[in-house]
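Feature list (source: TrEMBL):
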type	residues	note
BINDING	Asp161, Gly211, Tyr371	substrate binding site
BINDING	Asp238, His240, Asp332	divalent metal cation binding site
COMPBIAS	465-492	compositional bias 'Basic and acidic residues'
DOMAIN	86-385	domain 'Histone deacetylase'
Amino acid sequence: MDTLQSLQWRPPKPNYLPHDVDVDEPIVDVYKAPIPMDKASDRENAEYYAHMKRMAHEYNITRPKGYTVSYHFNPDMEPHHFGLTHPMKPFRLTLTKSLVTAYGMNFAMDNYNTRIATYQELNSFHTSDYLDYLHMAPPEEMPRDIDNPDKEVKFNLGGSDCPLFHGLYDYCSMSAGSSLDAARKICNKQSDIAIAWGGGLHHAKKSEASGFCYINDIVLAILQLLRCYPRVLYIDIDVHHGDGVEEAFYSTDRVMTCSFHKFAPDVFFPGTGGLDDNGPKSEHNPGAHHAINVPLNDGITDEQYGHLFQSIIGKINEKFRPSVIALQCGADSLAGDRLGRFNLQVQGHGACAKFCKTFGIPMIMFGGGGYTPRNVARAWAYETSVAIDIDEKINKIIPDHTPWRKHFVQEELFPSLEQILGDPRVNRNSQKRLQEIIQHVHEQLRFVNAAPSVQQQVIPPDLAGIRDDVEDRLKEESEERDEGLRRDREEGLGIGGEF
């Protein structure tokens, strides 16, 4: 067979993609040569740094008053490649970073270049057998189920859903490392809002990869939070159900999960998360009524989504009284996503983060799904601006000096639905149905004991990563990388009242 022909797009295995997509409208673009990821020269870096400083001064971008925001990332995640036709593109992290820094937002946050998670840290949730296989399995150029859809794959690794690509274990460890670092900064009171856009992989199970997710960094982060906080509220605004996190905390009343997602079990992954799926059926199980699911149909709008979100999350906060929030900001719920079919815009998506922020409790903001990289970057950059309280300040036109600016297509930070889709998706969410969902959730919350008590001597095991010698070494390395930080502070950059 001709090599080029063998690499053409084929109808996907129906385990994670929509089933109603026409074959002549491929989910992913025909593969093109990757964008060069060469390091910039010292001169280019200096020029770009000057642009960032100018933007920070021009729009008065300063550290928020009264709280600290931290940004956790590992740039080595960005060059990884899932495969020729796979929807997941780690390059979206590069575009996100380009927008965040182009606006000068980095000056308003504590920025951490995170280490990878250790085997022991991953093992705090995932089984040894699974981790060993994930670590040792050799990369494969083509998914095993391309020519034989019925071919079995161990731990669901190696198929078109979760391929074995080059550097897979390192990629997973980097993602988990960013989320764990965010959780530790929250636990250590070094941060009030921690951002980890490289995390949010909510489908991974204890012993199985699923839905492009191999390591459930969210579960690892929540386990860390539970060492210091009695109650964690997990909120998921990805277009897919947050099944992996719900399953991990299914039988505890210390974690409440709430997922807003498309629900079409016969045609849309993962097929779970119905309105009546509210945790264990036995009232004697502490996790009963602690899994809230909000099933939606195609075409939901910003206004509908915002009303739902505030009505439900507001009531959960009132009843459950969380001490910390873990917010998964999957961007595949945006209009124009290759897998999602909602009509949400960047502003509507970001409004969820803005509402959660009003509770005034610590929060981690994770990444998640999102398969149109330019839209993902817009959403996560905007939500970063929400976290540092500059969302009303920044220019709504993407700065000219933004790296890879042409990949955003439209110059607006908030393109209209017409620009994104042409014609909006048909809205299949009636107001009557949405009101029924709100009433059902409020009824479920009647059975939740307000602010469940916690025996503080029963806490999750340590994740084997907080050691003084390691933290001291990492601090020294960070100081060496950021030796220019002192000069920035002396000139008042990023500090309110200095302009």
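Placed from the backbone N, Cα and C atoms, the Cβ positions cover glycine too.
Unlike curated records, TrEMBL annotations are generated automatically.
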Quiz item: So which binding-site residues out of Asp238, His240, Asp332 end up within 10 angstroms of Tyr371 (substrate binding site), measuring C-alpha to C-alpha?
Solution: Asp332
Practice problem: Under 8 Å Cβ to Cβ from His240 (divalent metal cation binding site), same chain, six or more residues apart: give me those in sequence order, or none if nothing qualifies. | Solution: His202, His203, Gly211, His261, Lys262, Phe268, Phe269, Pro270, Gly330, Asp332, Gly369
Quiz prompt | Integer average pLDDT (0 to 100) for the domain 'Histone deacetylase' (86-385) | solution = 96
Self-check item: For Asp238 (divalent metal cation binding site), nearby residues of its own chain (Cβ under 8 Å, 6 or more apart in sequence)
Solution: Gly200, His202, Ser259, His261, Gln328, Cys329, Gly330, Asp332, Ser333, Gly368, Gly369
Quiz item: Taking the Cβ of Asp332 (divalent metal cation binding site) as centre, how many other Cβ atoms lie within 10 Å?
Solution: 25
Quiz item: Which whole number of Å gives the largest C-alpha distance between any two of Asp161, Gly211, Tyr371, the residues noted as binding substrate?
Solution: 14
